[in-house]
Amino acid sequence: MTSSRPTAQGATPPGQLGPVRGAATTRLVGIDLARGLAIVGMFVAHLGADGPAGARDPEWFVVADGRSAAMFALLAGVSLALTSGRDRVPSGPRLAHARMTTLVRAALLLLLGWFLTALGTPVAVILPAYAVLFVLALPFLGVRRRWLVTGAAVTAVVGPTLMALAVTPVGGSASLVVRLTGAPASGTVRLPGDELVTGYYPAIVYLAYILLGLAVGRTDLTRLRTQVGLLVAGAGLAALAWGSSRLMLDAVGVGASPLVRQLLSGRAHDDATLEVLGNCGTATAVIGLFLLLTRPGRFGRVVGAVLSPLAAAGAMSLSVYTAQILAIFALGEEVVRDATSNAVLAWFVIVSLAGAWLWRRLFGRGPLERVLHGAATAVAGPRPS
């Protein structure tokens, strides 16, 4: 799903996967590695064992909660940029083509997401939210990088605030969503079919990840300066955001209102501003790190070869993600709800990485990626030159 400009025929830049059967362009290995890590993180979030007290076992598995889905979304924005011109903002026929192909992909992702959701697994399927986010991203495909960053920052502040005002009880009263819809006041409100505000991946918040991903993809990701900047700025933003959340929550104390604590939260899936900023920082730092590790040269080639199974999973992430949901459905929800060890998780990771690596070597583009690409090309036609 992530492509770069074609190189001269027969030439393969070091640090990148060479042309594979079914693909017309080369790929940035660092982006595939970041997406592969997000996929593995989702496996951990879905299948990782819980200890006796309900905490993650081992405890560091908690890093996958929330951050994996956020990085997945941010990388979706990167992919939208890479497939619509990379660091060149499209206009005219190219912009129209990019919007049409994105719309076709959104429609197919929505259908696939509905199907996977209908299987009834305990996993909150992200694909319907993806589809909504792709549609919301259409007006931004022709926007310059600085305005994308501005839009991401504004969304990261305004989106979580509006969501908190909508779903958090205030002054002892039920939340606005409960009062307007009559939904049960107990627990977290999830309105059926709502991907904008009350869904597991609310678009009003997750649009910030898409916009920042578009901005990242609109930079020259092959430049050393860009890669170092992503790593340093991302790590700094993550530390500042989560550190600020901890300090401010300690300052207001446990007696603060639910709304105040929600607005200051950095906890996974609270979808508060500081969590969003921390997730943005983590994702951009990971992207920068993997791009640095796979730079042209002997070291980059070695890293790319050693981590090629992870890159393969990232290159066909939709297929791997879908296979995971189908496998959970086949094995039964107990593998998610009653995980007492990480054996199932380990097998999922091993089989997924090995299977993706083998598929990429034999067939090139992933099966579902091939369907999306073929459908988008059939509807929108070839990319304008």
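Glycine residues also receive a Cβ, built from the backbone N, Cα and C atoms like all the rest.
Because the structure is a prediction, the values reported are computed rather than measured.
Taken from TrEMBL, the feature domain 'Heparan-alpha-glucosaminide N-acetyltransferase catalytic' applies to 27-228. Restricting the average to the domain 'Heparan-alpha-glucosaminide N-acetyltransferase catalytic' (27-228) gives a pLDDT of 89.
Taken from TrEMBL, the feature transmembrane segment applies to 28-49 (among others).
Among the features that TrEMBL reports, transmembrane segment is placed at 69-85 (among others). Sequence-distant contacts of the transmembrane segment (69-85) (same chain, six or more residues past either end, CB-CB distance under 8 Å): 1-4, 28, 31, 34-35, 37-39, 41-42, 45, 94-95, 98, 101-102, 126, 130, 133-134, 137, 141, 201, 206, 209-218, 276, 279-280, 282-284, 286-287, 317.
Annotation source TrEMBL lists transmembrane segment at 97-117 (among others).
Same-chain neighbours of the transmembrane segment (123-141): 46, 69, 72-73, 76-77, 80, 84, 90, 95, 98-99, 102-103, 105-107, 109-110, 112-114, 116-117, 148, 151, 195-196, 199-203, 206-207, 210-211, 214, 321, 324-325, 328, 336, counting only residues six or more beyond its ends whose CB sits under 8 Å from a CB of the stretch. Among the features that TrEMBL reports, transmembrane segment is placed at 123-141 (among others).
Summarising the annotation, TrEMBL assigns transmembrane segment to 153-178 (among others). Away from its own ends, the transmembrane segment (153-178) comes close to residues 184-185, 188-189, 191, 197-198, 202, 204-205, 207-208, 211, 257-259, 262-263, 271-273, 275-277, 280 of its chain (Cβ-Cβ under 8 Å, at least six residues beyond either end).
Here TrEMBL flags 198-216 (among others) as transmembrane segment. Same-chain residues lying 6 or more positions outside the transmembrane segment (198-216) and placing a CB less than 8 Å from one of its CB atoms are 69-70, 73-81, 124, 126, 128-129, 132-133, 136-137, 140-141, 143, 145, 148-149, 151-153, 155-156, 159-160, 162-163, 166-167, 177, 189-191, 230, 269, 271, 276, 279-280, 283-284, 287.
Residues or ranges marked as transmembrane segment by TrEMBL: 228-249 (among others). Counting only same-chain residues 6+ beyond the ends of the transmembrane segment (228-249), those with a CB under 8 A from a CB of the stretch are 216, 256, 261, 264-266, 272, 274-275, 277-289, 291-292.
The feature domain 'DUF418' is assigned by TrEMBL to 270-375.
Taken from TrEMBL, the feature transmembrane segment applies to 276-294 (among others).
Annotation comment: TrEMBL describes 306-331 (among others) as transmembrane segment.
Annotation comment: TrEMBL describes 343-360 (among others) as transmembrane segment.
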With CB pairs under 8 Å as the measure, which of the listed stretches 276-294, 306-331, 343-360 comes out on top against the transmembrane segment (97-117)?
306-331
The domain 'DUF418' (270-375): DSSP-derived helix, strand, coil residue counts:
87 helix, 0 strand, 19 coil
